[in-house]
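Asks: Here Swiss-Prot flags H45, D113, S228 as active site, charge relay system. Marked as disulfide bond by Swiss-Prot on the basis of sequence analysis: C7-C181, C30-C46, C94-C284, C156-C234, C192-C209, C224-C249. For 1-273, the entry in Swiss-Prot reads domain 'Peptidase S1'.
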Amino acid sequence: VIGGDECNINESPFLAFLYSQLLSSRRYFCGMTLINQEWVLTAAHCNLYPDRKDMNWWLLIKLGKHSGSTRRWVANYDEQVRYWPKEKFIWWYCPNKKKDVINNYVWVWWDKDILLWELWMLIRLNRPVKYSEHIAPLSLPSSPPSAKWWHVGSVCRIMGWGQITETWWNSEDTLPDVPRCANINLFNYEVCRAYNQRWWRGLPAKTLCAGDLEGIIRGGWDTCVGDSGGPLICDGQYQGIAYWGSKPCAEPDEPAAYSKVFDHLDWSQSVIAGGTWWRGDDTCP
């Protein structure tokens, strides 16, 4: 998190992180949110080794941890580790009706304003976690976030163990010892399109747009590399999943994008309940 402060040790008992034993110094690479004893929610692009099940045993999900760096490793008494999931479900592409190419990336469209791509991933842990002082779920939202045209909407909280300097994936020295937290503001989707039409025209209208009001002009608080998959908490509710931002981070005129949790509640609840679920190779909802 760029421009943030150290999170209070009791602020984020729902925050987990994905850790790989094969990435050398880059061992931590994505945030996650615990939503009940068996399930965590993260960004779909955190699905490392998607076609190599034999590699999954090198991936760990750590919960209840506050000090996450190898330089200052201070364990909480109630930390828990889970190996790669029992199941994972990705909210994926729709069969394409139209393709558009932006900066050599193929965007697949379902209708005139909804772009469906890999946005988020539900992971079922290999065994349930036990709730404790530093491990507790973050409830799914009961209402959508608010944002007004050209005005500051909800005040939202971001957090994670991602980079604390603006450079794009630097050394481990730019990763914090403990998670960083910052307050940012939610903006109307059209406001973000006005600031950065190159990228925001390719993102679905249901995407949440958030950043620092002054930073929109001169750069400021922002998520960065390693914060992907972490939560966006607005008015105390879990409203977004970090999945896209500027490179370098915290650039002027480039607010970050978050997948909107509220708009996918039915899908998430269906998956957790063991019901039907949708992938890109099935009929679109």
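Backbone N, Cα and C define each Cβ position, glycine as well.
If you look at the structure here, what lies around each of the features I listed?
Replies: Annotation note: H45 (active site, charge relay system) sits in a helical segment as assigned by DSSP.
According to DSSP, S228 (active site, charge relay system) is assigned to coil rather than to any helix or strand.
If you draw a 10 Å sphere around the CB of C181 (disulfide bond), it holds 20 other CB atoms from the protein chains shown.
Residues near C234 (disulfide bond) in space but far in sequence (CB under 8 A, at least 6 apart, same chain), listed by position: P145, S154, V155, C156, R157, L186, G240.
Over all protein chains present, the Cβ of C192 (disulfide bond) has 25 other Cβ atoms lying within 10 Å.
Long-range Cβ neighbours of C224 (disulfide bond) (same chain, at least 6 residues apart, Cβ-Cβ under 8 Å): V1, I2, G162, Q163, I164, T165, E166, G245, C249, A250.
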Asks: Are there recorded positions among C7, C181, C192, C209, S228 that sit within 10 Å of C30 (disulfide bond), Cα to Cα? If so, list them; otherwise say none.
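Replies: Within 10 Å of C30 (disulfide bond): S228.
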Asks: Quick one: pull the CA-CA distance for S228 (active site, charge relay system) versus H45 (active site, charge relay system), whole Å only.
Replies: 8
Asks: For a quick check of packing: other C-beta atoms within 10 Å of the C-beta of C209 (disulfide bond), how many?
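Replies: Result for C209 (disulfide bond): 24 other Cβ atoms within 10 Å.
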